[in-house]
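Features as listed in Swiss-Prot:
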DISULFID  Cys134-Cys140  disulfide bond
DISULFID  Cys209-Cys331  disulfide bond
DISULFID  Cys507-Cys510  disulfide bond
DOMAIN    452-592  domain 'Thioredoxin'
REGION    166-186  region 'Disordered'
SIGNAL    1-24  signal peptide
Amino acid sequence: MAQRFITLILLLCSVLLAPHSAQSSLFGENTSFGAKNSQSRFIPVDQAFAFDFHQQGDQLNLSWQIHPGYYLYRQQIKIVPQQAALGAFTLPEGITHHDEFYGEVEIFKQQLTLKIPITQAAEQASVSVTYQGCAEAGFCYPPETRVIPLDVVVAASTASGTAAVNSSATVNPPATTQPEGDATPVPSTLPFSPLWALLIGIGIAFTPCVLPMYPLISAVILGREKPHSQRRILILAVVYVQGMALTYTLLGLVVAAAGLQFQAALQHPYVLIGLSVLFVLLALSMFGLYSLQLPSSLQTRLTQWSNSQRGGSLAGVFAMGALAGLICSPCTTAPLSAILLYIAQSGNMLAGGGTLYLYALGMGIPLVVVTLFGNKLIPRSGPWMQYVKEAFGFVILALPVFLLERVLGDVWGLRLWSLLAVAFFGWAFVLSLKAHAGWVRVCQLLLLAALLIVARPLQDWAFNGNTQQNAVKHINFQPVANLPQLQAVLAQAQGKPVMLDLYADWCVACKEFEKYTFSDDKVQRQLANTLLLQADVTANNAEHATLLNKFNVLGLPTILFFDSQGNEITAARVTGFMDAAQFLQHLQNTPAVTK
């Protein structure tokens, strides 16, 4: 018994002493261990975002269990039905996350659950669910698309008017993964608060096409026999404004609903650029370059119809207000068109209807005041009304800057904001020169100070741009589009080691690599004798999926190294972000990469 016990102790000691040498013999010469270790920090997408779904009659339930240290982008979640119609649903509010390259975005952590009503589903109906997320450690997964088969759902007679909703969300059955080409975030809310529409409406009321008409409109509202009760006058004025607000609200809902059906397409760079051009043209009409309004024949017909209503009655006044919303003057057409275009681009029905309602309410507040108190509180007409109109031209010009910022990035976005601010303060300063009051001199000094402050980004661009460009020299990569092209380049590498950078616009850490790591002088010198390739897999199409699957790439950033014979040096693979010092150390520890 004692002998067996001693033998057991000796065996245990041998096991405890063995691991170091055993590990050396097992993995010391195995190059694939390095690649496996480089990816061990990150888990497969199915584990990072564990997805489950089930259908209960006319309801589809989607849920995600998000691994600690990982997150999903709210704006990247999309749901598209095929041969089915979905009822209205909304994504829950996410956690605000600041991104250096994309600004403020919303993300989901830990868990996400969606309940989506199904109004109709034919045989072989399905729902495509797309999502995309990242690891907090600096690693992003390509957009994932899953196809969920649906059971048949017969449309109810009461739901015949329900429209299909193409929205956004997530799924993960591994057998039906499909690459998704469009991964552009779709904003679900307006960057402008709808309350701004109230202020814009009040401001539009003081333009030369609107303010002089208010005394006439108030007389029409009250009718031939002016009511003696102030309460009655207030009710009539408010009813008129509500009629006008109804028209604008319906316009907002219709335009937002139309935009919702094409929400993803409206985020395409070409569409954003086209909308920006339209906004600029609308702004030019506010500066007096041309007049924009409804055809005169249509305006005349609407005016006659409005005049046929009986003033002084609630129904007649409400109808006049509703028709007045359709009669756009040159001062109101451009702002209204700009708001409608922007609402269509956002696709948010609640914000769309609310924004137009507040806009009409803002225009109606001065009218209510005029109707109650007469012309006493109306400012005297003059050139200042034209200046108000021109000021709203600058407000409209802010919209294309918002849209172009998504296409051009933060750097050029800041320059566009600076250019717009310089134009506005310069215009205000020139106007102030026409006044001679003493307090205007103080305003002029403030305007000049503001002009210098807002011009700073343009100054940096003009005077420091060349210096910064010379100081920060980015690596010039040779692009490769697919696996056959990569194999051809490797075959013609002429004995040089090769580095392949897998890049995508939706990969935040890829942009960090470009900005902080590849721009480093020491890193560039270390890679001087290396053939540098880059594959842009932003579109995530079939060719890109083939390339990523060939090298078992989980996500980005991933950097592959190949020796002079075109074989991957798996131990040198980089997965996840490395700063310049870490990447340089990695290169120096792998002599075969940069020999």
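Cβ atoms are placed via backbone N, Cα and C, with glycine included.
Keep in mind that this is a model prediction, so the values were computed, not measured.
Take the Cα of Cys209 (disulfide bond) and measure to each of the disulfide-bonded residues Cys134, Cys140, Cys507, Cys510: the nearest one is Cys507.
In the predicted structure, the domain 'Thioredoxin' (452-592) carries a mean pLDDT of 88. Neighbour count (other Cβ atoms within 10 Å of the Cβ, all protein chains): 26 for Cys507 (disulfide bond). Note: the CA-CA distance between Cys140 (disulfide bond) and Cys507 (disulfide bond) rounds to 6 Å. Considering only the disulfide-bonded residues Cys134, Cys140, Cys209, Cys510, the Cβ with the fewest other Cβ atoms within 10 Å is that of Cys209. Break the domain 'Thioredoxin' (452-592) down by DSSP state and the numbers are 67 helix, 23 strand, 51 coil. According to DSSP, Cys134 (disulfide bond) sits within a strand segment. In this structure the alpha carbons, written CA, of Cys510 (disulfide bond) and Cys134 (disulfide bond) are 12 Å apart.
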